[in-house]
Amino acid sequence: MDAVTVYHGKISRETGEKLLLATGLDGSYLLRDSESVPGVYCLCVLYQGYIYTYRVSQTETGSWSAETAPGVHKRFFRKVKNLISAFQKPDQGIVTPLQYPVEKSSGRGPQAPTGRRDSDICLNAP
C-alpha cells in the first residue's frame with residue numbers, strides 16, 4: 001500500500017477532510033486507514049464541499065474492492081492502483097470521478113490544470 005502515492009496511512013478522518021477541503025477541487029481524493037475497522041481503508045473524495053468516504057478492502061484471495069452506491073455491481077481489482085484508475089471514469093458508483101490525487105509524499109495538494117506543461121517553463125540562469 002505504501003507504493004500508492006495517495007495513501008496517507010493512519011491519519012484521522014478529520015485530518016483527511018482538512019487535506020481535501022484545502023484543495024477546493026471537486027474530485028480531489030486520498031486513501032487512509034479506517035479508524036473503526038482494522039485492515040480496511042477509506043477512499044475519501046471531495047465533492048461540492050462535502051467529503052464522501054468509501055471503504056476499500058482486500059479479500060482473502062488478494063483482490064481489492066470498494067463499497068459503492070447501492071445497486072452498483074461490486075468489482076474486484078488485482079491492485080489498488082487499478083481500483084483507483086477505474087474510479088477515475090464517470091458512473092462507477094461514487095459521487096464524482098477521482099480527478100486530483102492528494103499525495104502524501106509531496107506535501108502538496110493536487111494542482112489544477114493550468115494549460116501549461118513543464119516544458120513550457122524556462123528558467124534563466126544568471
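Each Cβ is built from the backbone N, Cα and C atoms, and glycine gets one as well.
The domain 'SH2' annotation in Swiss-Prot covers 6-104, and the record cites sequence analysis as its basis.
Neighbour density for LYS89 (N6-acetyllysine): within 10 A of its CB lie 9 other CB atoms from the protein chains shown. Residues or ranges marked as N6-acetyllysine by Swiss-Prot: LYS89.
Listed as Cβ neighbours of the region 'Interaction with FYN SH3 domain' (67-92) (distance under 8 Å, sequence separation of 6 or more from its ends, same chain) are residues 1, 4, 6-7, 31, 43, 54-56, 59, 98-99. What Swiss-Prot lists as region 'Interaction with FYN SH3 domain' is 67-92, and the listing cites experimental evidence.
Swiss-Prot lists 100-126 with the feature region 'Disordered'.
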Quiz item: What is the three-state DSSP composition of the domain 'SH2' (6-104), stated as helix, strand and coil residue counts?
Solution: 18 helix, 29 strand, 52 coil
